[in-house]
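See structure below.
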There are 2 protein chains.
Amino acid sequence: MERRVLLAAGLAGAMQGLGPNPAMAQGAGPALVEKKVFAPGAYRTRGGATIPNLRLGYQAAGRLNATGDNAILICHFFSGNSHAFGQLAANGPMGWWDAIIGPGKPIDTDRYFVVAVDTLVNVNVPDAGTVTTGPASLNPDTGRPWGMGFPVVSMRDFVETQKLLLDSLGVKRLALVAGPSNGGLQAIEWAAAYPDFVARVMPVIAADIDAWMQGWLDIWEAPIRLDPNWRDGDYYGAGREPPLRGLAEAWKIVTLHARDRLWAKQYDRTLPEGQDPARRIGDRFGIERWLDDAAAVRAKTSDANSFLYMVRANQLFLNEHPSLEAAMAQAAPRWLVVPSPTDRVFLIEGVRAFIEVLRKAGKQVETAEVTGSLGHLNGVVAMAPVGERIREFLAK
Amino acid sequence: MERRVLLAAGLAGAMQGLGPNPAMAQGAGPALVEKKVFAPGAYRTRGGATIPNLRLGYQAAGRLNATGDNAILICHFFSGNSHAFGQLAANGPMGWWDAIIGPGKPIDTDRYFVVAVDTLVNVNVPDAGTVTTGPASLNPDTGRPWGMGFPVVSMRDFVETQKLLLDSLGVKRLALVAGPSNGGLQAIEWAAAYPDFVARVMPVIAADIDAWMQGWLDIWEAPIRLDPNWRDGDYYGAGREPPLRGLAEAWKIVTLHARDRLWAKQYDRTLPEGQDPARRIGDRFGIERWLDDAAAVRAKTSDANSFLYMVRANQLFLNEHPSLEAAMAQAAPRWLVVPSPTDRVFLIEGVRAFIEVLRKAGKQVETAEVTGSLGHLNGVVAMAPVGERIREFLAK
């Protein structure tokens, strides 16, 4: 199961060719965390639909203070889950941001009460370490999985469900909301939705969504719809095959898009054994074989319909805000924005434009950059060097 | 037919939402060119296979001088054809680089003999204005289309077939070989293969291929293989449907990848009539609908198997050169390299690294940048501002 959690944490995992999880090499000592389930009953979406039986997984570390204002919320990336820090079992992998979260670390669980939540429509449904509500969940009205009948949800719905959890835990104010990529979008949405509840915001490898990103998200998901096994989302149950080929092709796009050419260099002129692409049109290059293998593994631990709903939640971020400038004018005051200059998903130009919007809105904005060969993924696996900047940001 | 040629010229065309072809607005007066066919008989590929009946379309303007050394070869991009300049009919569209090619223009057909050739495995097979040999051609041994039995060809095969044509036309030396994107790769290949035959090289929005690009090219083509109508390439003939859905998804990736976020801004928060993606999971955003429509049109004027072979020809560029440094050390001497800083296909970092390789190899390298909102496509549709730089480069 723990290997599956590592896969759930996803693109950063050792199974995808990055070598040992950088967080695992920290050696900061075990910090066992418990996976819990939040099940508040019915939830009404921003679109006006009702989800009768909301269930979301989460984990927490540290202790909430008497005034309830030392809480930090960590939001996960597109393919991730709430396992952002600590270990769920003694021999299991560390969370994906464990390099900066834990006792004595920049996001210090000796001082802060740190919470991370599995989102709605989380893609890691087949993973026992993920608890979510989405198209693969049972619709109590029919006794069958929702499939494409599940209500559309948005980033704001992620925020609202997290707010319900934080309220139930007694949190009165967040000292920080932070996350990479899709997690950064959630942080921005939090800052806009609950400006007085949020003291500090740290979007990492993220900015607002624009039409360019909406188009790319559509490209990510298109192979799923092309797979004949997708059957308009009706592939659950005995005797049916999930659209694993289409889902694997979708992951292949995400996997490459989230990396960079410097990372790919290791595959220059490599050929899998027996392959001769100069003479046989069906044969593969080294980089293709690596993508094939990584994506096939990832497809088995994720759900195609949930992928479609997660894409939509990201796309809707643009249309939910009639004016980004107006939304940010009302937003929380203090920001640490952390782009990766070689990010091919959230382009550095886009992050800079977002920072400009924040500054024009009068926010206090600091920036720090994550660097490395991994492009977008630097914001997941290469956070250690910006740890002290985060510590200082929290101290201000 | 002329509208189809415009589509063949492809991504830059008016049919894809760019408004009137920038070249058409030049008003430099008609320059009628004739589409011709080069049919030298059998051709043996670099991989050792034989194509019994090579046929390639081309067009030429200007007059070859007595010493045969005032020729210029223009190579086309992935989705393009030889219609780089002039008009094929009085009311037809201008060629895709007509802004810089023609009487008195920077690539001056009053002074130079300018040739452009349809490549092998050209994707625009269904277009009557394109003449190529590829998987959709009849295999004389079987009387049926080659399909995936067509030999793999490489960028070097493009060069060799063009060399046969130039030899037949009496060309002794190229004053310049130039082209955008895939055309730039052909120019680089020319410089490496025939350094004494090539006086000047101008790769536009192009550098060498690396594993990163090989991976992206695989992503471009993946939807074709997913389409059940593809049938391992055996979709030609009565009663069979070509894999238009997969091919359209492939074009959608190319189309977005070749543009940029500044271009996409016009679709921010646009919704097609009746679409409500916040409430219905099947509904579309403005940018998605535009991509759907543009790609569906493009799929009808192109061939899926040829797309796969064109991808392979591009990918092979890396593996055909065991060392780029060694290849460039032997290459032609004078270069004008023209990147687009917002190119998402050939990243500016990659072009800069390529320029560094040329400089270390002792070449005379100049650079000029194409700018605009269109990213990669700036190198097709926004060339006019670098026209004088090209004129000066040719005069040196």
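Using the three backbone atoms N, Cα and C, a Cβ is placed for every residue, glycine included.
Look at TrEMBL and you will find A:Ser181 tagged as active site, nucleophile. All chains included, 27 other C-beta atoms sit within 10 angstroms of the C-beta of A:Ser181 (active site, nucleophile).
Mapped onto three states, the DSSP output places A:Asp343 (active site) in coil. Around A:Asp343 (active site), the C-beta neighbours below 8 angstroms that are at least 6 residues distant in the chain are A:Ile205, A:Val351, A:Gly375, A:His376, A:Asn378, A:Gly379. What TrEMBL lists as active site is A:Asp343 (among others).
What TrEMBL records for A:His376 (among others) is active site. A helical conformation is recorded for A:His376 (active site) in the three-state DSSP classification.
Annotation source TrEMBL lists domain 'AB hydrolase-1' at A:142-303. Averaged across the domain 'AB hydrolase-1' (A:142-303), pLDDT in this predicted model comes to 97.
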Cβ contacts within 10 Å for A:His376 (active site), all chains included, total 26
